[in-house]
């Protein structure tokens, strides 16, 4: 199968998967009203790749079929640039609000498959070969994948693995003639109800003896025994005018319970090998996946700046404080763009013939983005103020009795009529203040992991990479000057 259409994607979701929300089992995620908007939005991404085929698709070198370029294993700086162009189309489609669009896991698994030399260490040749084959199948079938890489929190005092006598976190419980059986839970799997499969792979380091937890694989969402427990839906059936994002981009987050799920041997990438588990995330993962992450972030930040600039114009807010906050928004977007350009320009071969971006700009960005996004929402609220809530619905504008009053009392400055002004402020509130806006802020805070931990790792890596000191030459100059002052004077 070549690159799929949105219709083909939706058809693939009708597979009897076990999805629960609010005590109700969802019989068909494509027809369930709280999910319908997100399903259609993801389907739109599949259609988008055909609308921009020249940028988003490439002829697969083995099959010749048109394939989404997010599956490309980059072998040159040009490949990195081509992939970036395609990723930008997807990011702009949702203005960065689909944090787990399918291209995310596509890029991640392409990177892992490209570093099969890492995955084949310590006797894991079979697992590495399985990963390479699966990534090729994923590209051929154009599946939508999510991942699950975080274990549930029970007792922070003893750690995730020790909770419930070691039975809570996902782990292997048996070998079978066909594969392995896994049991336990994983969180928080974004897009899971709307994905074809879920991939489990390294996201956090493991102790060397934690062999039963070192399991990496992919399995269909409809696998027997796999249960998805969804959070409350934040979607709405309101008109696009009223809630332009909540009705389309609630990508859902699910708690995954693996109730003795059998994984075929051909789908197992790591089976108890903690050495490979711990090495997999340390050899280019950030340099690879952060290209997609940064492109999405730049689109979201750029959109926020443009939206806030527009609603400020609609009320003629141009005082120094307003300009200061708008400049702050622009700075976040521009710094993100500049770091992306630097990372792509510094792309290099990382081993095994695969190319990734320069990791250093991304390492600097990784702990700062989780701080910028909450600040963006704060600025929206500071500049929007009460105007974010003085926003009648579209139905009010359709009412002939109310329309003249709304046109008079909610008109804007700079030739913005009442409806356009309200549209802008409703969009801003849906972006930052609704239930979806709050969820997205929380998502961005922790999407890239702990900012504090990232700063610590940045320092450790910087100390390891430090090859030339700026301090020592200066100290030598000072020491030399001091000796000169103490030397006897000769007349």
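Placement of Cβ uses the backbone N, Cα and C atoms for every residue, glycine included.
Curation plays no part in TrEMBL annotations; they are all automatic predictions.
Under the DSSP three-state reduction, residue 148 (FAD binding site) is assigned to coil, being neither helix nor strand. Taken from TrEMBL, the feature FAD binding site applies to 147, 148, 149, 190.
The domain 'HpaB/PvcC/4-BUDH N-terminal' annotation in TrEMBL covers 5-270.
Residues annotated as domain 'HpaB/PvcC/4-BUDH C-terminal' in TrEMBL: 289-474. Here the domain 'HpaB/PvcC/4-BUDH C-terminal' (289-474) returns a mean pLDDT of 95 for the predicted model.
A count of other CB atoms within 10 A of each Cβ picks out 148 as the most crowded of the binding-site residues 148, 149. Between the two most distant C-alpha atoms of the annotated FAD binders (147, 148, 149, 190) there are 11 Å.
The Cβ of residue 190 (FAD binding site) lies under 8 Å from the Cβ of 99, 100, 146, 251, 252, 253, 254, 443, each of these being in the same chain and 6 or more residues away along the sequence. The number of other Cβ atoms within 10 Å of the Cβ belonging to residue 147 (FAD binding site), over all protein chains shown, comes to 23.
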